[in-house]
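The next block holds one structure in the form of structure tokens; read it before the comments.
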Amino acid sequence: MGRIERGGQRAHRQTGQQPNIIHFHRVSTSSEPYESCSRTSTQTVGQDDARVNWEGTEHQLTKEQVVRYSRQIILPSFGAQAQSRLCNSSVLIIGAGGLGSPVAMYLAAAGVGRLGIADRDAVELNNLHRQIAHRESTVGIHKCDSAGLTCRSINSSIQVEMYKDGFNQQIAMELASCFDVIVDATDNAPSRYLISDACVLAGKPLVSGAAIGTDGQLTVYNHGPDGPCYRCLFPEAPEPQSCSSCSDAGVLGVVPGIIGSLQALEAIKLASGVGRPLSRSLLLFDALAGRFTTVKLRQRMPSCIVCGTSPRITAESLLSYSYATFTGAPSHDAGPAPLELLAPIQRVTAAELHKWVTSDSVSIVDVRPEAQFSIAHIPGSTNLPFSEAKPQAFDEHIELMRQRVRDAAIDTGDDSLHPAVCVVCRRGNDSQRVVDLLVANGVNDVVDLAGGLEAWARESGVDFPHY
Ligand SMILES: [Zn+2]
């Protein structure tokens, strides 16, 4: 669910530090309509309680609310008035995944009166190690329904609204306008720019979090007189190749849990008016080192095309602005688009490869990262990792591959009907790059597995895990 922008240093010239900026991706599966945005005031349980027997001072809390939230109400730095403001506030959480789960649960628990949850996905089994608002029993159910169920089970006195088409351009301005605070818990660059633009145009603070691998980040955009927006820091979109997603790079489950909890904290501070929001500061979390670092961010840029002095993006033009073109990336985490680098004759299907593996000898070279190879691989495969980001690193394997092709050709014999070596990867893109690289270096008699090991898991008929 993330990607790392190499251009992060642009945002941090003042400090000399160069933290990476993390973005996210997500799969979209739902086309259900969103529920219309309610602008009614917050409904709370027990508002009709008789108040004749007691009296609070300058707050609207009911007796039940006083009991429920007592442990934070008694805090001198919080108190009944802050709780009252929280109960009358509204927060929109965009993304009900690894970040959005703790945000939704903590905000529900804390008593934010109206919670909006926007997402398009259904819960999958591989979400459960980090997306703690969901359960085994809700796998296959829309994430809005699943997270809504969890929030209501924590606090039935709050109002939960669901936006099952996610936060898209058609409803961006309406949604951003009718919540007090917006939380970006998404995982891709197009969504981050859209959410930031809508928050600027609607005049709403944006709590932005990101987590990938073992790293996390947090800041508040568009807050205060000089707080920057996302575009102020990143007027140019990151190169799609410079970013990686959680489905490719992985994420340690507790990392988005920590960042999401911090996002909930920032949202509570903004909604209750307590504390100092993390504006113009970027919090960096290194999970392996157990280290939090804060770096100062530049202030709002007069040249920014959305929050600057001569904005070019308006509420009207936002509708037709192409965020996918601007970022060169899709607003979902469906994985990279299938590459068509090789001719069909240079590729084999999973079914064909299965026949070769079972009836004849074929040498299989698996070019996935070692961590993925160790999950599962076709028996007898050799692991020679290839990275699109560092293709030159594979050069050291080319002579080995030349030898492998020579040896395999001897094993399979001159009358073999298939090439001696098959290159496989996860999805069938890197394997094409490797075959292309080998052919360019004069290593022929090599094919790749079309669709990679995902196709192998689906189509070969053998038991193989999909991850
Ligand atoms: Zn800006």
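Including glycine, each Cβ sits where the backbone N, Cα and C put it.
Here's what TrEMBL has on this protein:
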ACT_SITE  Cys246  active site, glycyl thioester intermediate
ACT_SITE  Cys425  active site, cysteine persulfide intermediate
BINDING   Gly98, Asp119, Asn126, Asn127, Leu128, His129, Arg130, Lys143, Asp187, Asn188  ATP binding site
BINDING   Cys229, Cys232, Cys304, Cys307  Zn(2+) binding site
DOMAIN    358-465  domain 'Rhodanese'
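Where TrEMBL records a feature, it is marked here on the structure.
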residue: Asn126; record: ATP binding site; Cβ contacts under 8 Å, 6 or more apart: Tyr467
residue: Leu128; record: ATP binding site; Cβ contacts under 8 Å, 6 or more apart: His134, Arg135, Glu136, Val139
residue: Arg130; record: ATP binding site; Cβ contacts under 8 Å, 6 or more apart: Gly97, Gly98, Ser101, Val251, Gly253, Val254, Val255, Pro256, Gly257
residue: Cys229; record: Zn(2+) binding site; Cβ contacts under 8 Å, 6 or more apart: Ser196, Asp197, Cys199, Val200, Leu206, Tyr221, Asn222, Arg300, Cys304, Val306, Cys307
residue: Cys232; record: Zn(2+) binding site; Cβ contacts under 8 Å, 6 or more apart: Arg298, Gln299, Arg300, Met301, Cys304, Cys307, Gly308
residue: Cys425; record: active site, cysteine persulfide intermediate; Cβ contacts under 8 Å, 6 or more apart: Asp366, Val367, Arg368, Phe386, Ser431, Val434, Asp448, Leu449, Gly452, Leu453
Subject >> Residues among the recorded positions Gly98, Asn126, Leu128, Arg130, Asp187, Cys425 that border ligand 1 - Cβ under 6 angstroms, in sequence order >> reply: none
Subject >> Annotated ATP contacts Gly98, Asp119, Asn126, Asn127, Leu128, His129, Arg130, Lys143, Asp187, Asn188, maximal Cα-Cα distance (Å, integer) >> reply: 20
**OP:** Determine how many residues of the domain 'Rhodanese' (358-465) DSSP places in helix, in strand and in coil.
**Re:** 49 helix, 14 strand, 45 coil
**OP:** Determine the Cβ neighbour count for Cys307 (Zn(2+) binding site): the number of other Cβ atoms within 10 Å of its Cβ.
**Re:** 23
Original post:
Which of Gly98, Asp187, Cys304 has the fewest nearby Cβ atoms, counting only those within 10 Å, among these binding-site residues?
Top reply: Cys304
Original post:
Three states by DSSP: which one describes Asp187 (ATP binding site)?
Top reply: coil
Original post:
Any idea what DSSP makes of Cys229 (Zn(2+) binding site), helix, strand or coil?
Top reply: coil
